[in-house]
Structure formats: structure tokens, C-alpha cells
Amino acid sequence: MTSETSVNLLDFDAEGLVAYCGSLGEKPFRAKQLQRWIHQYNAGDFDGMTDLAKSLREKLKGRASIVMPDIASDHVSTDGTRKWLIDVGNGNAVETVFIPEETRGTLCVSSQAGCAVNCRFCSTGKQGFSRNLSTAEIIGQLRMAEFALRASLGRAPGPNGKAERVVTNVVMMGMGEPLLNYSAVVPAMRLMLDDNAYGLSRRRVTLSTSGVVPMMDRLGAELPVALAVSLHAPNDALRDELVPLNKKYPLRELMAACQRYLKVAPRDFITFEYCMLDGVNDTEAHARELLAVTRDVPCKFNLIPFNPFPESGLIRSKPEQIKRFAQVLIDAGVVTTVRKTRGDDIDAACGQLAGAVKDRTRLAERTGAAGKIIEVRAV
């Protein structure tokens, strides 16, 4: 544990670290050195930072720390998907998932413990909202995953270029609504993009939002990365039921915001995510309606087979119905993919493991036991 006055350096992007070093009487280049040690060499303390002046290392030892999130469990699926459960205190946990593919490795990162948006089909929303994650807790997920994966492959830490990097893409699609934690998410994404940290391109960092229109505009002005929008319905009446935020920012406003974002986006399309729910939003008529509502937004569709959980009362669309729905979109000339289900054997659907932790914690509170996260592993 660190002292109450200790500063966690993982909370700083480049600008913040320069300012912090300045407060110690140090020049800006020291911040770059420090950032490389932390994010490229995986340094956990200051003694090994040999190109820093000893006087600076001593200053840092008394004032700063590098504190990573605590890993509660680490699960590896038979298909190679790897999922970490991160303990963020007070019985709360978030999830980080790595999805390996032949030409890339994608890390799905969480931004909040729980979620206040409360989409009907999302198990995270049913847990309620606990708190925003800090920048350190967000970028810490990438730092933890990158170096754990490198170690498993026998690759040493260090800025060894793209050939050595395991995580090639980051998607802010884990637990929480990223744009409702803007002040912590944006510095974390700046570190993802920084050549003195993880060096990802803007095209390889994707933020997924349920449609917080004012913050979409702000993101476009300040840090336009690739954008995905959780759409899930082709009209306001249905989307009001599935995504309650739609009552505040209806489809007309959302589509206009998407058009504005595309003027500055690193990609020339928006990805619309669409959870396929049997008998709710999956008819061919819904698909045609979807084409109409998105007609002025260059886009592609990512159809997501629903991951059932007991409280939802919803059922996954049948494979043949998903295929028919997709064909309507494809026939209209829109690129459409169906998300492949990954990591079923380790509950890799977002929110499932953390939801189990939440349930155990609530049970412990009722029975008077300590609310400690219990490690569980796939067998």
C-alpha cells in the first residue's frame, strides 16, 4: 500500500506527467523517460530507472508510486480468449478480455464499475452503477494485459516495435459507458496512442458509446478515435425500451452526432452494434427500418448474438434469423458482420464474472461475512 499523499503515476498522460515533473523542478524530457519506463519497460519501482538522475529517483520514491489494479482471477478459454477479473475494491470488480486472432490481438477494456445506462440486454447494467474507474485503473488494464501476454510468449518488455506488441487493438467496449467517465477515459486513450507509451494508431483504438451526444461532440473535437455506437433498435419507441438513454438523446439527434463525428474521425464509417434479440428487434422489417434510419451515415453493422442472463427475460435470436436479418443489410450494400461468440467456457460475455462477484458480495453482506472476491478459474 502507498501513503495517502502518494501520487499514482499511472493517472498521468504525457501532459500530466510533464506538469508533475515540473512541480518537482524537473525538465520535460524527464517525463518522457519516466513514461517509457512505466509503459514500455513495465517498471514497478524507481530504482531500476537507470537513466534518471539519482536525485530524481529519490524524489519520486518519497512522493510517487506505480500502483496497478489487483487481479482477482485470470481465465483462459479453449479458444485462446483470456479474461481477467480486476478487483477495484468494496466488492466491485471489472473485466478485461483479450481476443487473439490471426492478424491482430484485441483488448476489451472497462471504464466503470457497473453502468448507469441500464440497457435491458446488458448484464453489467443490471448490477447497477458503483463508480467511475480512474485513469490508472483504465490504462492499468492495458499495461497488465500487454506484459502478461508478452511474458506468456517469452517476449521481454521494451519498445521493440510492432512485431513485439501483443495487443494491437483496444476497444473501449467493456463494462461501463466510457463517455460518462470522460475525464479519466481520455487521458487513458492518450497514453494508448502515445509513442512513448503504447503507440497505437487512432484507427486501432475504438470507443463504444450508447449515444451520449454532447460527449461524442467533445470527443470528436479533442481526441477522435474510431467510434462504435450501441444502436440495437431501428426506431425510438423500441430503443427507449432497450437503451433508456435514447429518451434523452433520440435517434435523430444521435444520427446527426454521428455525421458530425465522421468529419474528424480516423475511419470513414461508424460501426453500429446491434444485439440480436429473438422476437424483439430481429425481423427483416426491423432490418429495413434500420437501413432507413442510418441511411445518411456511412456505416457498417456488427450484429451481436445476445448472451442470455437470468434477469433479462430475453432470448438470443436464432442463427437462421440472424442470417436473414444480415442478408437484408448486405443486399443493400452495407458491410455487415456477425460477432463470433468467444470464451463461452469462461463466461467471457461482458459482466458475467463481475456479476457473480457482486452476487457473492451481496450474500456476504447479508450473512455478515467479509465481502472478499473469490478466485475462480476455468477447468
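Quick reminder: no glycine exception, Cβ is built from N, Cα and C everywhere.
Positions annotated as active site, proton acceptor by Swiss-Prot: Glu95. The domain 'Radical SAM core' feature in Swiss-Prot is assigned to 101-345; the stated evidence is sequence analysis. Taken from Swiss-Prot, the feature disulfide bond covers Cys108-Cys350, and the record attributes it to sequence analysis. Marked as [4Fe-4S] cluster binding site by Swiss-Prot: Cys115, Cys119, Cys122. Sequence annotations record features per position, and here Swiss-Prot assigns S-adenosyl-L-methionine binding site to Gly176, Glu177, Ser208, Ser230, Leu231, His232, Asn307. If you look up Swiss-Prot, you'll see Cys350 marked as active site, S-methylcysteine intermediate.
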Between Cys108 (disulfide bond) and Glu177 (S-adenosyl-L-methionine binding site), how many Å separate their Cα atoms?
13
Average pLDDT across the domain 'Radical SAM core' (101-345)?
94
Rounded to a whole number, how many Å is the Cα of Leu231 (S-adenosyl-L-methionine binding site) away from the Cα of Cys115 ([4Fe-4S] cluster binding site)?
17
Can you give me the Cα-Cα distance between the residue listed as 'active site, proton acceptor' and Cys119 ([4Fe-4S] cluster binding site) in Å, rounded to a whole number?
18
Cβ-Cβ under 8 Å from His232 (S-adenosyl-L-methionine binding site), same chain, 6 or more residues apart: which ones?
Cys119, Phe121, Arg239, Leu242, Val243, Glu273, Tyr274, Cys275, Asn281
List the binding-site residues among Gly176, Glu177, Ser208, Ser230, Asn307 whose C-alpha is within 10 Å of the C-alpha of Cys115 ([4Fe-4S] cluster binding site), in sequence order, or say none.
Gly176, Glu177
Is it possible to get the count of other C-beta atoms within 10 angstroms of the C-beta of Cys108 (disulfide bond)?
24
For Cys115 ([4Fe-4S] cluster binding site), the number of other Cβ atoms found within 10 Å of its own Cβ:
25
I'd like to know which of the binding-site residues Cys119, Cys122, Leu231 has the most other Cβ atoms within 10 Å of its Cβ.
Leu231
Which state, by DSSP, holds Glu95 (active site, proton acceptor): helix, strand or coil?
strand
Most Cβ neighbours inside 10 Å, all chains, among the binding-site residues Ser208, Ser230:
Ser230
Translate the DSSP assignment of Glu177 (S-adenosyl-L-methionine binding site) into the three-state scheme.
coil
